[in-house]
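Please read the structure below before turning to the comments.
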Amino acid sequence: SPFSAHEEKLIVDLWAKVDVASCGGDALSRMLIIYPWKRRYFEHFGKLSTDQDVLHNEKIREHGKKVLASFGEAVKHLDNIKGHFAHLSKLHFEKFHVDCENFKLLGDIIIVVLGMHHPKDFTLQTHAAFQKLVRHVAAALSAEYH
């Protein structure tokens, strides 16, 4: 594993407290509000013209939950993140044509949301461990692109 035993403990302990639906919905909504041009990937989810449309779109919140649940799988596979995400990498590259830069952007937003939802637990050490995790997940999801 690329993570120390201490980093693994910090990641697993915080992740046990995460409300995936709430944090996932917040993370994807934030991404589409901060980077509105990313909304083109979700046009089939209905009207997303305004920030309020994004915030109140159930399909966006539901997909955010799905994305964060998938991210949570990395927590269970810290020793083989790349292997675990091989299929999703291929899918996002071949079918969805998602720019791999999005994985890094969303990873950074997930960090912000975790910090907002868990301010007492989100210590500097926990932040560092999760930053490392999102880097590894983004690299794994980008593997098919190289």
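For all residues, glycine too, the Cβ spot is worked out from N, Cα and C.
If you look up Swiss-Prot, you'll see 2-146 marked as domain 'Globin', on the strength of sequence analysis.
Under the heading heme b binding site, Swiss-Prot lists H63, H92. DSSP gives H63 (heme b binding site) a helix state. Within the same chain, the residues at least 6 positions away from H63 (heme b binding site) whose Cβ sits under 8 Å from its Cβ are L28, F42, F45, listed in sequence order.
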